[in-house]
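Written below as C-alpha cells is the structure these notes are about.
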Amino acid sequence: MGSLRLTERPHVRKARLWVKLSDGKEGWVRCDLCQRRCVIAPGKYGACGVRKNIGGELYTLVYGLLSASNIDPIEKKPLLHFYPGSTVLSISTVGCNFFCQFCQNFEISQSRLEKGLYGVYRTPEEVVRLALVYGADGITYTYNEPTIFFETVYDVAKEAKKHGLFNTMVTNGYMTPEAVDELGSLIDAATVDFKGGGDPEFYRKIMFVPDPEPIYEAILAMKDKGWWIEITNLVVPILGDKPEYVRRMARWIVENLGPEVPFHLLRFHPDYKLRHVPHTPVKTLEKLARIAMEEGLKHVYIGNVWGHPLEDTYCPKCGYKVVDREGFAIVEWRLTSDFRCPRCGYKLNFRGEYTPRNINYPMPVM
Ligand code: SF4
C-alpha cells in the first residue's frame, strides 16, 4: 500500500458529521462528532488525532482499522443488567478525544502521538462474521473512545443488526447530541464512564477536558433514543474521590434516569502517568457506595474488587441476593425468566434475557 495516496487507502474514508466553514475560513472544517467541535485547518488533525482535513474535507483515518478484537463477557464492560451472561465481540481502533493521565489503554488511546496509526483492516462484514463464528451475542465498541471511530461503529452496527446481534458502546459520553441521534436505534446499550465523580477540576487537570457538563446532555439524548444505560465512575484516590461529587452524580441519575439504573464505582489501579497514585482503598469505595444509596440508587456496584458483596445484585424490595457474581462470572442466577425476585415477586430493572455462558475469559480473535 506504500504507493497509494492517503485517501485511496481502505481505512481512510470521508467522515460523517462535519461542516465546511466560511467567512475567511475557506478550506477549514468543523467536526461535530464530539463536544470538542474541533475547527480544523487544511492538512491538520482534530484533537483525537484520527480525523484529518484533507483538501477542505474531513476524513477519518481509522475506518475499520482494528487495534484489538476480543471475545468478552458483557459483565466486563460493565453491563450487568443488559443481556446478562451474554458474550460480545469487543473492537477498538486507536486515538481518543480525552487525554486521561491514568488511561489503562494508553497504548491505543494515545498511540497517535507516540507510534502513529496502526491496526488490522476489517470490513463491517468481516467483523460481524468474526462475532458470529465465535458465537457472540453482540458487538461492543470499546477500549478506546468509540465516538472517534464513529463511521466504523455505524457501519458495523448496521451490519450486526442484520444478523440479530446487539450493539453496545463503552463511552466517555463526550458525544454531541447529533452523534447520538445519528446512531439512533443502531446502538442498544451504553456504559457511560465518568472519572473522578465528574469533578470539573479533575477533568481539566488530569484529563485535559474543558468541562464534563455536556456528558449529561449526551446521556439524556441516549435515553431519548431508548438506549440501555449503565453509569460508571472511576474513583481515583486523593485526586478524584470527593464525596460531594458522587452525591451530586447519584442525585442526577435518580432524577433523570431513575433509581434503578446500575451505578458502578470502579477501583483505580496505577497506570500510564499516574503510577505513583495508589489503588483506591476499598473503604473509600464502600463509603461512596453508601452515599449513592442514600441518594436513592438501588443498584450500586463496586467494580475491580473481586469477591466484594457489592458485585452482587440484591432485590430492591426485600433485599434478597438475586444474582451472585465473582468478577465477570455469574456464579448463581436466582431471578425468574422475566427478571422477578423469586422471594417477593418484585420485577427488577433488566433488559434482554439471561444467557448462561460457557466462556468466562477474554479470547483474542484478530
Ligand atoms: S471527534 Fe476528534 S476531531 Fe472530532 S471534535 Fe472530537 S476530538 Fe475533534
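Each residue, glycine too, has its Cβ placed from N, Cα and C.
A quick note: this is a predicted structure, and the numbers were derived from the prediction, not measured.
According to TrEMBL, the protein has these features:
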- 81-308: domain 'Radical SAM core' (DOMAIN)
- C96, C100, C103: [4Fe-4S] cluster binding site (BINDING)
For the domain 'Radical SAM core' (81-308), the mean pLDDT of the predicted model = 95
Query = Excluding C96, C100, C103 themselves, which residues in that chain have a Cβ inside 8 Å of the centre of the Cβ atoms defining the [4Fe-4S] cluster site?
reply = F98, F99, Q101, F102, N105, F106, S109, Q110, N144, E145, M207, Y272
Request  = Would you count the other C-beta atoms found within 10 angstroms of the C-beta of C103 ([4Fe-4S] cluster binding site) for me?
outcome  = 20
